[in-house]
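Heads up: the structure comes next, in structure tokens.
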Amino acid sequence: MSPVRVSHLSRGCTDVLCCILFVLALLGYFVVGIVAWSQGDPRKVIYPTDSSGQFLRPRPTCSLKQKKPFLFYFNIMKCASPLVLLEFQCPTTQICVEKCPDRFLTLKKVVSSKNDQDYYKAYCKEGTDLSTTNLLQILKDGLCPAMVIPSRPFTHRCFPALGKNKAGAVVVGNRTVFDDGSDMINSTDLLEGAKLVFVKELRLVAMKIFEDYTRSWYWILLGLVIAMVVSLIFIILMRYLAGIMVWVMIVMAILVIGYGIVHCYMEYARLKQQPGSDITLQDIGLQTDFAVYLEIRQTWLAFMIILCILEVIIVLLLIFLRKRILIAIALIKEASRAIGYVMSSLFYPLLTFALVALVIAYWAITAVFLSTSNEPVYKVFNETDCPHSRETCDPKTFNTSNISAVCPDAQCLFAFYGGETYYHKYLILFQFYNLFLFFWCANFVTALGQVTLAGAFASYYWALKKPDDLPAFPIFSSLGRALRYHTGSLAFGALILSIVQVIRVLLEYLDHKLKGAQNKFAKFLLSCLKCCFWCLEKFIKFLNRNAYIMMAIYGKNFCSSARDAFFLLMRNIVRVAVLDKVTDFLLFLGKLLIVGLVGIFSFFFFSGRIKATEDVGFTLNYYWVPILTVVVGSYLIAHGFFSVYAMCVDTLFLCFLEDLERNDGSMERPYYMPESLLKVLKKRNDAKAVD
């Protein structure tokens, strides 16, 4: 039988039409990005906007605004209007002020008594003279607010200083009722106008989290470097001690989870003596200070139960799959040997990561510029009935227009950002195109990485004399073949997956819109569609991965490779279900071990439970922020290294199945079957060990 040659000699360009389509789509993507960057203005989402549509910047960039960085609402109770939800603008006059008010004052009191006029003028429109203008004319012209109340600045906006007294009543400056000069106002009325209190708390948490990052970023980087070093050492040890390392990995993973169970129990027992720790999570509700949850016994009990379930599942799987683990270890040994000959494969995920990061950055920047490429729209806001209410207006000509004559108390205020041009009308299509190309490009980068690694490892498997018959630079050779011959096929596979992912996004959007609907059949149908497309996405990812391996081996187009891979897997469905998944499970334990070790170390370090870290010199608002960052980052790093292993195992496994079929499944020495796999199969007596 002729040997399989993984090279460019017998290859030709595949799926050329899809390659051309992908290139044209990329050119269109660049055009959309250029148009968005020329039209957009990210300041619209960063800085607040006053009634005239001017930006309020926290940094001194404009001599007029630098001394007045806060937005003050004349009547914040109007922010309770549904208009706020529809047009994202509070229908009351808003001006820039130097600082938020810190006392109760009414316009009536200031005008009549002439006291505190200089203080009150800071919250009126520029040029207002309180000493010569009468009260009614000031209010009619909207020059000053009827009252000012104690407020606090947040996100450069002045919000009422709401609080609660000992009786639990809502107060503003220790008052529950106050006079605005014409009527008595209850402090609870202000609460409706300041519904952003919850958002305020969330943003406050975000600010504290950002503060924690600025204090601990170098220690987070150190933790990620440690995770990378541990992963690299683990991979190198796997090269020489694969069998031993797999068993060490299994035992250590069980011990790490076991330690987590013991620690949760110790915390659970410690809190038994503390008053107030027996309340439930439902009683305390949602808290912005997450440290509160760690002082409740129920939290540690939940952690302990989750870890116990995970431990039992792992132990049961190891017991039932103990016979298959030997064959999986043989496969991992061969993968370790292949990676040892192709060491550059360990660093290829860095290229994939950089390309994916570039795709994400381009998508995010383009999305922001597209969403801020609208023009300011002004509308008529009024106190009384007006036939022109909420109509579009021009602030430059409003005072001389017919609207001001018909509605004397109306004002032309900034409402939102929009536009009437063709560009603005089809802006949603540009956003959709941006999202679709993001999925397509990200999936293409992932596919390129998979076919590159598969080509390198396939050339190892089908080499008669290892490593003499291997190319000088397997990764670069495989990457060159993929880009030269199979760009269209990779784009084709990525396109199919992207279409399914976009449909899933649309279904999630519909689900969000229909949350308040009462039609149970529509909800049920939507849930079924979401479930079906989730399964379809998983299947396509699995099929694409194996199609890319067959493409790397034989150089066929995407459809032929997908067909060959599918039928090969179906003919060996038991082997795939057992051996391949057992190997994935063992590699998952390796990732779990690395994440667990780094996570335990970071927990003791950032929580200050190691005495050696007391002199580090930083305090954190939430010590779980750097811990969670290190844990997630460690998993991504370990996943990057082990994804090379997983791709190597999948490639060798598919080559192994192809090798068995090419040699009629006999147990005689095939052309290319690795010696380690052959020994295990013979030790198991026959091929039933695989089945």
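One is the number of the first residue shown, and numbering goes on along the chain from there.
Backbone N, Cα and C define each Cβ position, glycine as well.
Look at TrEMBL and you will find 12-37, 217-237, 244-262, 300-321, 341-365, 437-464, 485-507, 585-606, 618-636 tagged as transmembrane segment.
In this chain, the transmembrane segment (12-37) lies in contact with the transmembrane segment (485-507); the count of Cβ pairs under 8 Å, excluding pairs fewer than 6 apart in sequence, is at least 3.
Cβ atoms under 8 Å from those of the transmembrane segment (300-321) belong to residues 250, 253-254, 257-258, 260-261, 264-265, 267-268, 271, 281, 294, 578, 582, 585, 589 of the same chain, restricted to positions at least 6 beyond its ends. If you look at the transmembrane segment (217-237), the same-chain residues 6 or more away from its ends with a CB under 8 A from one of its CBs are 245, 339, 346, 590, 594-595, 597-598, 601-602, 605-606, 616, 626, 629-630, 633-634, 637-638, 640-642, 645.
Within its own chain, the transmembrane segment (618-636) is flanked in space by residues 208-209, 211-213, 215-216, 219-220, 223-224, 227, 289-291, 591, 594-595, 598-599, 602-603, 606-608, which lie at least six positions past its ends and keep a Cβ under 8 Å from the stretch. In summary, the transmembrane segment (12-37) does not lie against the transmembrane segment (585-606): fewer than three C-beta pairs, each 6 or more positions apart in sequence, are under 8 Å.
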